[in-house]
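*Asks:* Below you'll find the structure I mean.
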């Protein structure tokens, strides 16, 4: 069952917003609002969950019965073909982005470089700055316009994909329009000189390809439809999104194994051996597709596979003339650990500053007209361009070109993988035979600057590296979060590489460690800073090893990333987790805290149920669907046999949960307080009962109330086909009577049945009701009709719908006494959307959804548990 978000609550219930100050932390958690004292954004309830569990109803069983071994093999073969196609298409998206980024960047730098060289003598550098501003502002403006078309295309997209793999449906995140705006927007962002990368958005683009390609349909291309009945479920779609995200990593870094581990580490809650193999195959297809075309286009050597990814670090190798040089030694591990600590501290600082900036944008930029977001992007671009130009002109040092800068050194020859290192050296504002070390870093593509720091020897002074690191740190922190598609991997790597190279220079200059290899320290610095920002361990280790093609770096990279993560986690979360929390997404962690086992399923479940009978009138179904926002409804029948067992001694036993007579009003009062703070729920909990009977608290009247409840239990119940919505008319004792649980049916299934006229009349038997196949039930996936768009004039309200063939008769369920850790593990591991709580005699007593398992909700219930004790 899904609720509403904070914005929806304010629209539906101004009174609730007016009473915001008096709400308890638990109520704020339920509503998904911001706790003003702690400035904490709590999970919103308008996010839906994906349903990874199969609905094994009659139409699905009919499909299984008709499926023999040949059909099963054909289905599996189609899935492998789709996985391969996703990898190929993701590689082609990467090729498109890389080709135009390279084209626009080369055009811009050629024009500006020739202008700078000419104006250095004539004294017209202001004209060169205006030319650079013209290019950058134009490109950034186009990127911002694309984000206005599809707002979810902003940023790297990794937080959104992480949420999707975790089981949360983020609106618009995997649409065709999103990938178009993302791919085109990121090439303009990178070409516009912003401190962003194109590798992060590749992950989002791959995930969109994975979600859309197997569907063979798009809401943006409604007129193009194919009769392709496969993969019409959240289960299949989520698997393909996992494969697409992994393919995006593989295409970005040339790291298929790292991509597979990224998809596993960053969110996929359900995993199996078959999925691992498919994801790896998809990653390989993406890597070699991109490698094949890039090698052919750039070198004319088709089939040589020389460029494995968009970002490649080259080969790390000591100069043959330096016999004492080693890539790294055991003594260097001590320095690597210290660099990991510093990288964790820097990453925590970066995340803290970026979080404050994001909150400022949420309060002061996002509520304003969309044009303000474009102006902010242009302001960032203007500032970045001016800082880069002025820093290169004023802060750069003119250094003498050494023979190592022009020689055929083996390490330099490998620059041909993307661009020759020597050709990227800039002589701006410097006399002959010298070069500008600051301009060499700023006036080059970021990938070239990273290779400069990894493979050039003795070209950057400590002062230049310090200033470059500081400027890049601040500007990249300001840039991440503006309304343009932007990645964070490459800026973090470049910033960290400068930090590592600075450490190597200091060790050589002041400690006398001449034998150390500067490229190794630059790599470790890049790993330390990136690990401190994103807090990834396994996948990032493998990605960096595959990017360097040097397995000997495995141990130092792993140790550095672990230390950086532990250090950063001491202060705050990773940057992606921070942005997930800022969006209020109910993300489930890998496991709960140990103290949460003090709670049981009955403590966190939602006891207020809106349910349907196996045979229900259309009038009642329409009323329920239109007056509630729940996405699933228990299918129940009344269990009258247990009513006489309600009264035993001094206790009222209802739904296998015991309440003393003296506390019955306390429970009703609690339900009333919750209902008043949740007016957006049409099914206000116990509204009628509480309004009628909560007038006094004296013990004699409590006894009278209990007696009234017991007497009213034997009055006639609403008939089998209720004409009124139970969420609106039924009182407390009616809502909490014993209900035998038979299964779950989704809102989408009920609406589909109503749209297709699946019903029968009272004069007929349920066998006369039309039957829908599995393909017909899933034809409208993933955008099912809305109940408010249904033409009621086409429906006879007295007709009856038999929902039993279409419900899930055997969903996962737990006992009210199940510990929270067990509930959490079952829900997350199996990728559930709803988890019924059923007692020992088969009566449903509540339901658990994702929102009942968020950290904030559990913390609120734990505080309530302590107060009760």
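Quick reminder: no glycine exception, Cβ is built from N, Cα and C everywhere.
Predicted automatically and left uncurated, TrEMBL annotations should be read as such.
According to TrEMBL:
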TRANSMEM  80-101  transmembrane segment
TRANSMEM  137-158  transmembrane segment
TRANSMEM  240-263  transmembrane segment
TRANSMEM  327-351  transmembrane segment
TRANSMEM  371-395  transmembrane segment
TRANSMEM  463-482  transmembrane segment
TRANSMEM  519-545  transmembrane segment
REGION    668-687  region 'Disordered'
COMPBIAS  677-686  compositional bias 'Polar residues'
DOMAIN    807-868  domain 'CBS'
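Mind running through what each feature is packed against?
*Replies:* Taking Cβ pairs closer than 8 Å, the transmembrane segment (137-158) reaches residues 104, 170-173, 175, 177-178, 180-182, 184-186, 188-189, 191-194, 200-201, 203-205, 207, 266, 370, 373-374, 377-378, 380-382, 385, 480-488, 576, 579 in its own chain, all 6 or more past its ends.
Cβ atoms under 8 Å from those of the transmembrane segment (240-263) belong to residues 82-83, 86-87, 90-91, 93-94, 161, 164-165, 174, 198-200, 202-211, 213-214, 231, 275-276, 278-280, 282-287, 289-291, 307-312, 489, 536, 538-540, 542-547 of the same chain, restricted to positions at least 6 beyond its ends.
Residues of the same chain lying 6 or more positions beyond the ends of the transmembrane segment (327-351) and with a Cβ under 8 Å from any Cβ of it are 316-318, 473, 477, 496, 499-500, 503, 507, 516-517, 520-521, 524-525, 527-535, 550, 552-553, 555-556, 559-568, 570-575, 578.
Sequence-remote contacts of a segment are chain residues at least 6 beyond its ends whose Cβ falls under 8 Å from one of its Cβ atoms, and for the transmembrane segment (519-545) they are 249, 253, 255, 257-259, 261-262, 264-266, 313, 316, 327-328, 332, 335-336, 339-340, 342-348, 350-351, 411, 450, 453-455, 488-489, 492-504, 507, 551, 553-554, 556-558, 560-565, 567-569, 573-577.
DSSP labels the residues of the domain 'CBS' (807-868) in these numbers: 28 helix, 13 strand, 21 coil.
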*Asks:* Average the pLDDT scores across the domain 'CBS' (807-868) and report the rounded value.
*Replies:* 89
